[in-house]
Amino acid sequence: MSAIVDIIGREILDSRGNPTVECDVLLESGAMGRAAVPSGASTGEREAIELRDGDKSRYLGKGVLRAVENLNTEISEALMGLDAQEQTFVDRTLIELDGTDTKERLGANALLAASMAVARAAADESGLSLYRYFGGSGPMSMPVPMMNVINGGAHANNTLDLQELMILPVGATSFREALRWGAEVFHALKKLIHGQGMSTAVGDEGGFAPNVPNHEAAIQLILKAIAEAGYEPGSQIALGLDCASSEFYRDGKYTLAGEGGLSLSSQEFANLLATWCDKYPIISIEDGMAENDWEGWKLLTDQLGKKVQLVGDDLFVTNTRILKEGIQKGVANSILIKINQIGTLTETFAAIEMAKRAGYTAVVSHRSGETEDSTIADIAVATNAMQIKTGSLSRSDRMAKYNQLLRIEEELAEVASYPGLDAFYNLR
């Protein structure tokens, strides 16, 4: 009854108005699963490759009809009749069918859509919520949200080089409370930005994108918003940064246009980040060095790795082979988990498990181009990842994940826990 009997792929639009892939999987029992894949703006060089049409006459070349065609033909034929309850076998079939390391032949967007939709169909047939289907019946932790309130870099048109400045409600006692704190700070920040005569327009991920003089001015604005919302910076709400450093790393230098064109070596940039961490309650830095600057990553880890979460995104691209190398070299202490960087759920879960075994944290993440699909919320709870990064407190594509987490916490009731600072077990 779990046999796959139909697969339907289609082209839909993401939160930026760009095409992406959606997939429906129908089982013999009548159960159905639907999933849509996200897409990133700043992407790592080693990510699995999404297949785009390149036809400039449609969607500026960003159409995904080729990926959809692959889904409706070759992928459909390979998965037809397989047991949807056997996720690992389904994903292995997809990986072998594509036959490339980067999933470029059939497209990571096509493979991931199938992988996710199969899981949703199997959960539907089992009568289970997706997080229970993935994670079993044991106690589960709700994730600490890393809420992007000020955007810069590739996610906004302003003076900031760093891509995200985030708030982390580590002092809350439940996810529901953490979400409320974040929303209240978001609205306090909006009022402050408006009061200073700056635009309150939001970036791709729902955060504001004000033209502040420099990064410290942005940090200070957030701290003021936290205080005005009635919370204590640090003990109740900490800060996080996503530098996306590969975006401004050229010829061995980190050039910060938002800091007056400052050009820094890896050590100098590490020193700057360390200075900010000493001055402000920053407990997490993502992509603090460029993806190819492994020496810089080692410097940063040696300097800050005991007191700040150092998250590898472009560095690791949710890939166990690269993560293993990072663990062996003592680089970073956390991995960002993006399902479309690797292309199947099985490989995603393997990366989370490898990180945990090594004492690294795993932060489940959205992409800048999102949909109403909320699978990552279920993954964060099912794997006890304890941290999620899914944007600001605006835009329905971001709220879809937060609202799903509210539902999950309600369903789990007393068996749900909110870890707060304990989510950062890599800093013990």
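Placed from the backbone N, Cα and C atoms, the Cβ positions cover glycine too.
Among the features that Swiss-Prot reports, (2R)-2-phosphoglycerate binding site is placed at Gln163, Lys338, Arg367, Ser368, Lys389. Long-range C-beta contacts of Lys338 ((2R)-2-phosphoglycerate binding site), restricted to its own chain and to partners at least six residues apart, with a cutoff below 8 Å, comprise Pro38, Gly40, Asp313, Val317, Thr318, Ser365, His366, Arg367.
A simple way to gauge crowding: the CB of Glu205 (active site, proton donor) has 30 other CB atoms within 10 angstroms, across all the protein chains here. Annotated active site, proton donor per Swiss-Prot: Glu205, in sequence order.
When Cβ atoms from all protein chains are considered, those within 10 Å of Asp242 (Mg(2+) binding site) total 28, not counting its own. What Swiss-Prot lists as Mg(2+) binding site is Asp242, Glu286, Asp313, and the listing cites sequence analysis.
Positions annotated as active site, proton acceptor by Swiss-Prot, on the basis of sequence analysis: Lys338. In this structure, Lys338 ((2R)-2-phosphoglycerate binding site) belongs to neither helix nor strand by DSSP; it is coil.
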Binding-site residues Asp242, Glu286, Ser368: which have a Cα within 10 Å of Glu205 (active site, proton donor)? Ser368
Which are the residues of the chain, Asp242, Glu286, Asp313 excluded, whose CB is within 8 A of where the CB atoms of the Mg(2+) site average out, their centroid? Gln163, Glu164, Leu241, Cys243, Ala244, Ile285, Asp287, Val311, Asp314, Leu336, Lys389
Least Cβ-crowded entry, counting other Cβ within 10 Å, from the binding-site residues listed as Gln163, Ser368: Ser368
Write down the Cα-Cα distance for Lys389 ((2R)-2-phosphoglycerate binding site) and Glu286 (Mg(2+) binding site), rounded and given in Å. 11
The rounded CA-CA distance in Å from Lys389 ((2R)-2-phosphoglycerate binding site) to Asp242 (Mg(2+) binding site) is 11
So for Lys389 ((2R)-2-phosphoglycerate binding site), how many other CB atoms are inside 10 Å of its CB? 30
Taking each of the binding-site residues Glu286, Asp313 in turn and counting other Cβ atoms within 10 Å of its Cβ, which one has the fewest? Glu286
